[in-house]
Amino acid sequence: MLPAVGSVDEEEDPAEEDCPELVPIETTQSEEEEKSGLGAKIPVTIITGYLGAGKTTLLNYILTEQHSKRVAVILNESGEGSALEKSLAVSQGGELYEEWLELRNGCLCCSVKDNGLRAIENLMQKKGKFDDILLETTGLADPGAVTSMFWVDAELGSDIYLDGIITIVDSKYGLKHLTEEKPDGLINEATRQVALADIILINKTDLVPEEDVKKLRTTIRSINGLGQILETQRSRVDLSNVLDLHAFDSLSGISLQKKLQHVPGTQPHLDQSIVTITFEVPGNAKEEHLNMFIQNLLWEKNVRNKDNHCMEVIRLKGLVSIKDKSQQVIVQGVHELYDLEETPVSWKDDTERTNRLVLIGRNLDKDILKQLFIATVTETEKQWTTHFKEDQVCT
């Protein structure tokens, strides 16, 4: 088991780890269930957060509460795990066997010791018995790595889609975790989890003064200017706030357009820490030039700021206008992976086309990135060669 960080009271309340009441799963489906599952993609929501933040509490709440949602929950545990894991995971011949159990409120649950990919593949055999999938990561995991598997596994992608990333932050210890300095300039895990989130739950707000919650909220906003922040106690949250987010698909186009107009730029809360920058550039970009701009940032990693530090982009989101396309295009990026997808929203003939981008990362320089994007739209090669250092690739 991975060692806990901090004092013992950071850990989850043992009572909250108890296994929910289980009933045997039915192996047959009704015709209605089978029909409802055919041809429909299932949304997957990633639940992440530092050790003791309240991930298990949230999942136990979902698994036991009466909420009319049919949710499949995949618990990702390391080492000995909790009573919940011991009840759900069976090891045979040294290999893990996933046992899916149906709970009294209609939800499904299993526990795995790997990245959850195999569990999801097995779960799809029960398609029609659930409407949503929640995938928990370990406390020290980088959710970006888990996110990427939904983009690179084409076969799996035919059945599911990534709906969003939920990060839970402990009110009592969150500020300590987010400001912890790592050796060699590495980004600490808690900060990276917040940077990638679409929804941030500040949990256990009843355990600290209101002033401490405000400080934590300010720090979170300084890291991620795009995600929605919610305050909770004992991880109790309206499921409508964490499900059906459509944070990674074209259905978010309309709401994203409004949201990007109000995303604040942020200042780092520590030297060389993660910030959010946003800018708007009018015009149309050729798709090949847009790809080159993104690939230099995410793949080649050869873009540097005024201090000659490498820019590291953790999350990229935006709406762009591509030449010869009548639809607005949403761009999404997580670490090295990115995607361009047309939205249902068309550009109006009487309005100027524009591009709005939000980037979350480290050592980001808004002026340089905006200049590079202007060069992308106007096809000005000089601006590109000034800041793309092909012989000085960042590692």
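Glycine residues also receive a Cβ, built from the backbone N, Cα and C atoms like all the rest.
Matching 17-24, 113-120, 153-160, 249-256 against Swiss-Prot, the residues noted as motif 'psi-PxLVp motif' span 17-24. Looking at 1-22, 177-198, 199-220, the stretch flagged in Swiss-Prot as region 'Disordered' turns out to be 1-22. Helix, strand and coil counts under DSSP for the domain 'CobW C-terminal' (274-377) come to 26 helix, 50 strand, 28 coil. Looking at Gly49, Gly52, the binding-site residues in this record, the fewest other C-beta atoms within 10 angstroms of the C-beta turn up around Gly52. When the binding-site residues Lys55, Thr205 are compared by the number of other CB atoms within 10 angstroms of each CB, Thr205 has the fewest.
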